[in-house]
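So the structure is just underneath, and the comments pick up after that.
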Amino acid sequence: MSKPNQNEHSNLKESPQANGDIQNTQGQYRSISPPASPVAGTLDDEQFSTYFEENIPIPDDVTKTFSFRKLWAFTGPGFLMSIAYLDPGNIESDLQSGAIAGFKLLWVLLVATIIGLLLQRLGARLGVVTGMHLAEVCHRQYPAVPRIILWLMVELAIIGSDMQEVIGCAIAFNLLSVGRIPLWGGVLITITDTFVFLFLDRFGLRKLELFFGFLITIMAISFGYEYVKVGPDQGELLKGMFLPYCQGCGTPQMEQAVGIVGAVIMPHNIYLHSALVKSRQIDRRNNEEVKEANKYYFIESTIALFVSFLINVFVVAVFAEAFYKKTNKEVNLQCNASGSPHTELFPMDDNPLEVDIYKGGVVLGCFFGSAALYIWAVGILAAGQSSTMTGTYSGQFVMEHIILSFPVLSVLFTPSLPQAIFQDVQHMTGMNDFLNVLQSLLLPFALIPILTFTSMTSIMDDFANGLFWKIGGGVVVLIVCAINMYFVVVYVQSLDSVALYVLAAFLCIAYLCFVCYLAWQCLIALGISCLDVSCLSGGVSNNRPALLIEEQPAYDT
């Protein structure tokens, strides 16, 4: 089985007619050549090559059904992708879920993770089949103005995610140093070491993937230690995970359930995964190789998200067992008895305990000893550092390929440093709710494009979504967007300001207009050709979206 040594795009530009044409080889996979940008004109191949300079070869194996050697060769991208399910924003959502609702919302976490796996599958398939990641396809398929708006929305999601991750690292440094390292110092350390760690890919892609695996292992050990130390009720845990109910739940619990979905499914992660899968050598002219790559990537993603799900369950279970229905007064008395210097964080009242990443570490230290606090901080540091790096890669792919043609590190654009300078650690983690709302708002700008492009036979050929995936994907996108929009509405109502209401109304109108535009293009790609403007005007649509930059008629090579 021969493997191409060059980037897969090189074999797509051999013909002078390759701008937007389909190359069709008898009996082989039909691939799409990258069309020239309608704005920038002809671009060099290297500008659209994979970010990683190394392509991992796939070993030949006569095994027809399954090969562990091949699975190992494909292992890596899924675990990098899974780190977004373990970032500090997710960890905070987990601990709040446990403290507010006990074990009752574990089934929501399970469903959200499964939905995330199905969406990641679409992103991986796009990268495997076309050799282009989602940002590149958006660059080639959408006109200039929608493309720029899409880029701004995705970059906003990445910056919001970076803020959660960088602040999470800063809080971990603050806890580990017993307050000696201020938040702004932790932010500077995180940005600096992110630059250092990103150079690991210069020593080989597998070493970089091994480093991420090491950070995931640290998280598993750290939060696993807390799980064993607390010893949650296993019966209640299984009941909460597999029985979809929430007996006695009110508005806070329902809002927390919606927050779990918003924290787990992140828009930039789909862009990231579609790019990471390009790091393996696959002959995209060979249908069998493409099908095999899709299979192994899906297996690897399933394993990776299962590991991330277990780590999230550890966090939920710890706070559900130890702090569900606890009051501030109870925690204050316990912290005072243990000699904790953070007793003032918990007022002497009977209100339910409210925790975040910082307070979570403090209460663990009060109830289970200082070792629990420091191990918690190590886990948060690993979560924040790893997710900051993958978030930076996401920004790299999106900024390079949707709008710009040179590398930019998105971590430089995060406003975490000024936030850390002007706010203390107790108030810093409170912005997590706002950032989760932001991720919820921006989720359609990844879900709709990925469903659109993976449903177009002109892009995916034999691997385009079938009827089941079109309907199922559409329903999933609709449900996820509806749930997240509910979360946004609840948050806006809590602002209690007429001026903010008016501003939110104007932003919502513009937001909904662009979402409707993307949805219109998606419906055309799903086969509702009567929505095509050429059909509406009485012309012949040829089953092609009117505003998408589509391919020219096929020709034989």
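Using the three backbone atoms N, Cα and C, a Cβ is placed for every residue, glycine included.
Caution: TrEMBL annotation is automatic and unverified by curators.
Since we're looking at a predicted model, the values are computed, not measured.
As annotated by TrEMBL, region 'Disordered' applies to 1-37.
As annotated by TrEMBL, compositional bias 'Polar residues' applies to 1-31.
Here TrEMBL flags 98-119 (among others) as transmembrane segment.
The annotation transmembrane segment is assigned in TrEMBL to 181-201 (among others).
Look at TrEMBL and you will find 208-228 (among others) tagged as transmembrane segment.
According to TrEMBL, the feature transmembrane segment maps to 257-276 (among others). Counting only same-chain residues 6+ beyond the ends of the transmembrane segment (257-276), those with a CB under 8 A from a CB of the stretch are 50-51, 76-78, 80-81, 84-85, 89-90, 92-94, 96-97, 101, 105, 108-109, 112-113, 115-116, 119-120, 122-124, 126-127, 133-135, 154, 157-158, 161, 246, 301, 390-391, 393-395, 397-398, 433, 436-437, 439-440, 442-443, 445-447, 450, 480, 483-484, 486-487, 490.
Residues or ranges marked as transmembrane segment in TrEMBL: 297-320 (among others).
The transmembrane segment annotation in TrEMBL covers 357-381 (among others).
Residues or ranges marked as transmembrane segment in TrEMBL: 402-422 (among others).
Residues 89, 93, 119, 122-123, 125-126, 134, 137-138, 141, 150, 153-154, 156-157, 160-161, 163-164, 259, 261-263, 265-271, 274, 464-465, 469-470, 473-474, 477, 480-481, 484-485, 487-488, 491, 511, 515, 518-519, 521-522, 525-527 of the same chain lie 6 or more positions beyond the ends of the transmembrane segment (434-455) yet place their CB under 8 Å from a CB of it. The transmembrane segment annotation in TrEMBL covers 434-455 (among others).
Sequence-remote contacts of a segment are chain residues at least 6 beyond its ends whose Cβ falls under 8 Å from one of its Cβ atoms, and for the transmembrane segment (467-492) they are 115, 118-119, 122, 255, 258-259, 261-262, 265, 433-434, 436-437, 440-441, 443-444, 447-448, 451, 454-455, 500-501, 504, 515, 522, 526-527. Positions annotated as transmembrane segment by TrEMBL: 467-492 (among others).
Feature annotation from TrEMBL assigns transmembrane segment to 498-520 (among others). Distant neighbours of the transmembrane segment (498-520): 146, 149-150, 153, 441, 444-445, 448-449, 452, 481, 492, 531; these residues of the same chain sit at least 6 beyond its ends, with a Cβ under 8 Å from one of its Cβ atoms.
Under the criterion of 3 or more C-beta pairs below 8 Å, with sequence separation of 6 or more, the transmembrane segment (98-119) and the transmembrane segment (297-320) qualify as touching.
Comparison of 181-201, 297-320, 357-381 by number of C-beta pairs under 8 angstroms to the transmembrane segment (208-228) places 297-320 first. With a cut-off of 8 Å between Cβ atoms, the residues of this chain six or more beyond the transmembrane segment (297-320) that come close are 71, 74-79, 81-83, 85-86, 90-91, 94-99, 101-103, 105-106, 109-110, 113, 116-117, 120-121, 124, 128, 216, 219-220, 223-224, 226-227, 230, 232, 236-237, 240-241, 273, 277, 355, 360, 364.
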